[in-house]
Amino acid sequence: MPPRAPPAPGPRPPPRAAAATDTAAGAGGAGGAGGAGGPGFRPLAPRPWRWLLLLALPAACSAPPPRPVYTNHWAVQVLGGPAEADRVAAAHGYLNLGQIGNLEDYYHFYHSKTFKRSTLSSRGPHTFLRMDPQVKWLQQQEVKRRVKRQVRSDPQALYFNDPIWSNMWYLHCGDKNSRCRSEMNVQAAWKRGYTGKNVVVTILDDGIERNHPDLAPNYDSYASYDVNGNDYDPSPRYDASNENKHGTRCAGEVAASANNSYCIVGIAYNAKIGGIRMLDGDVTDVVEAKSLGIRPNYIDIYSASWGPDDDGKTVDGPGRLAKQAFEYGIKKGRQGLGSIFVWASGNGGREGDYCSCDGYTNSIYTISVSSATENGYKPWYLEECASTLATTYSSGAFYERKIVTTDLRQRCTDGHTGTSVSAPMVAGIIALALEANSQLTWRDVQHLLVKTSRPAHLKASDWKVNGAGHKVSHFYGFGLVDAEALVVEAKKWTAVPSQHMCVAASDKRPRSIPLVQVLRTTALTSACAEHSDQRVVYLEHVVVRTSISHPRRGDLQIYLVSPSGTKSQLLAKRLLDLSNEGFTNWEFMTVHCWGEKAEGQWTLEIQDLPSQVRNPEKQGKLKEWSLILYGTAEHPYHTFSAHQSRSRMLELSAPELEPPKAALSPSQVEVPEDEEDYTAQSTPGSANILQTSVCHPECGDKGCDGPNADQCLNCVHFSLGSVKTSRKCVSVCPLGYFGDTAARRCRRCHKGCETCSSRAATQCLSCRRGFYHHQEMNTCVTLCPAGFYADESQKNCLKCHPSCKKCVDEPEKCTVCKEGFSLARGSCIPDCEPGTYFDSELIRCGECHHTCGTCVGPGREECIHCAKNFHFHDWKCVPACGEGFYPEEMPGLPHKVCRRCDENCLSCAGSSRNCSRCKTGFTQLGTSCITNHTCSNADETFCEMVKSNRLCERKLFIQFCCRTCLLAG
């Protein structure tokens, strides 16, 4: 197990993680993030000096690219199952550390006799592993650089140590001295009763402080794991710099507890929150794949605020295993509905970075989230690209407010910054939508964000309306997330049709890219109309896969124009990208064509705009490109357009959308009628008018007073209208009115009623368009209340199954269950007793494994809590911890968890440092194991300092003369 060593020092936030060298397919990946300033170098000179920096860049071109760093870990594909993988590993001197996440036949091998870190790939007899007939593929893991997407503190910024609810400006209007901004409408979603209940969110990061007072009430150990330390405690590694604060800050945004008199309120303050500790160590393809595959049928939302270097020159993305983990998650996660991956779009704006060079935010499987300042401006760190889906508020200039959240050491902070803020915000808002409708698929969630996000006051020069009526920008995607609109739409949402993929064009003809001019290549496509299982009519994601050679990659600009005329910028110039590697099968993705028709002519435009003098003979070349369309064959919203539905939804006031809380009494205030009592006044000559004119048949015995025959003085049946609106007599009252037989008047029904028996809100017989008839209360409502669902054919509110608290479409299609029941595949089933689990195939409670106290399945590795006298170890409940581990009590858990002893101990008791036996080469000294090596340069003064400060016992000098000093007395 690699030690928890701090990352290399540097001016940027801590590194994130790693790529790998594929020995089967050849070396892959783009250039590293080195350069004159070392890893993570970020030029921060004042703007007038930026051009001076550029003058120095040609010299940097001749510098060799940074070498990859290889580890002593391998990813290996072995056929035949776990036993065969163990055999193959042992035969070649490896240790099999187990299957990689949920990737069948892929295993994590470790070799203790090779260099832990090396700039050369490993050589020696152990490399014969690749020749084993059972090995189909292997990959020595290469350290990838991954950077947390927060921005560095501004020295001019002000900080406060009282981060409370009133400081959360982005959620409410509390500042009376400035213009109020609360367009994300989170409070309105809360008022509708949505707080994230029964939804599980986990943070992929450097760990979360599970005992923080604002996180502990919602902390979920079953949604947590320490991939770096290979145990179940995701707590961050503490040091003087507090560098591992990032995950704890993100977790607080999502699910900080409410009304506990501490710090803040999370957006989904009743959701469960977990943490995957995976950034505090070497991040490899194996580490990422493991992290993305932790409990996909338990965790609903994975939030990640990290990625490759945002340095304006890196092109990098997920490796082979991580890509497979993404695909497994969206196909199998959440019982087939699909795991939801939310990603921060990147902080490289100052370096001119473009987030389409980040393969994580550029993926169709992730929701890429951007940021805006409190005043609606582009933050200085924002990266533009066509794959951004939506936006939230975050930090901006030094004089603009930042985000309040939880912090390390049980504290709070008002200094959370960057797009790191935005991903967990959206994760929290999606949790509210999943509470409203737990049956949403991963694509439903993306459709909902497209449909309900809005430009609001976000300022950008590139806002455009695409061919489907959606307003979209490279800065902000479809706009600011609207939590209330999202939950209202989610509640009544019908799943979109199945996703189709169409490879619409594939052009392998090489073309030169002329300097300054534009290379245009077109593709006329039917969008696979001839194949029913591939046909795309309505677009979702559009991917352009390209291979381009070029002497200086950063000089390229790439655009894609859809048949509807929507122009997406797939790549902008990057002044710091001096690489001559070009692009190899790199996928650029755009969401700007969402909802448009796919069929027609697509145009790819490539421009080469040199930022410096370049040899004109060295031209770039488009080697090949493919157009891949994702979408549906049927309209995703059936009978209404997304744009119209969104516009209508935003026009409705909150009270109009709110379902009634209880039955209304007839005495309540009603809609005023434009009616007046009318008594006929006799006038001279009126009798003559009655005698000489023929009145309308509906006029009563008093006749009419003209000038027209229907100007009746009284009516046979009912009068309609008033003196002001010109009264008339009718035999039947029109829709929206009822007949008052005593007064012979047509009186207006209550708002929403089409027919009624009286003016009371509880006397509706049928409803106007846009309303549902609640038959039990005889009211007309825009949304059916809890316990009822909207029957679209009858336009009635019908009762849910008795076990359902909320349901959609059908009585038994539950979204929330009553107490004593649990949700399983849309049904509410009775809670199983301790020691049993719900079998969704047999629809009954089954017995857990005898080692489990509670479980999610019958297997030994499906325990949630252990039975009495059993300890949790390596996803299993065991009677005793294995060698090198000790049992430890964990707050909130009924069982003990096996924790690893100190690296020099063979066994320990009560604490990792309380050694009872030592490894070979070490001697026990009290409770510590010290090396048997002696040293000759330890004088009396040095040894006195070691002993007086108990440095050996504290393990600060465990390898430095401890034995020599202590044996010397």
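Keep in mind that glycine also has a Cβ here, set from the backbone N, Cα and C atoms.
The feature N-linked glycosylation site is assigned by Swiss-Prot to N259 (among others), with sequence analysis given as support. If you take the C-beta of N259 (N-linked glycosylation site) and look for same-chain residues 6 or more apart in sequence within under 8 angstroms, you find none.
In this structure, N914 (N-linked glycosylation site) belongs to neither helix nor strand by DSSP; it is coil. For N914 (N-linked glycosylation site), the same-chain residues lying six or more positions away in sequence with a CB closer than 8 A to its CB are Y886, C908, T927. Residues annotated as N-linked glycosylation site in Swiss-Prot, with sequence analysis given as evidence: N914 (among others).
Taken from Swiss-Prot, the feature N-linked glycosylation site covers N932 (among others), and the record attributes it to sequence analysis. Neighbours of N932 (N-linked glycosylation site), defined as other CB atoms within 10 A of its CB across all chains, total 11. The DSSP secondary structure for N932 (N-linked glycosylation site) is coil.
The feature repeat 'FU 1' is assigned by Swiss-Prot to 692-739. Averaged across the repeat 'FU 1' (692-739), the predicted model reaches a pLDDT of 78.
Positions annotated as repeat 'FU 2' by Swiss-Prot: 743-790.
Per Swiss-Prot, the feature signal peptide maps to 1-63.
Look at the repeat 'FU 2' (743-790): DSSP puts its residues at 0 helix, 21 strand, 27 coil.
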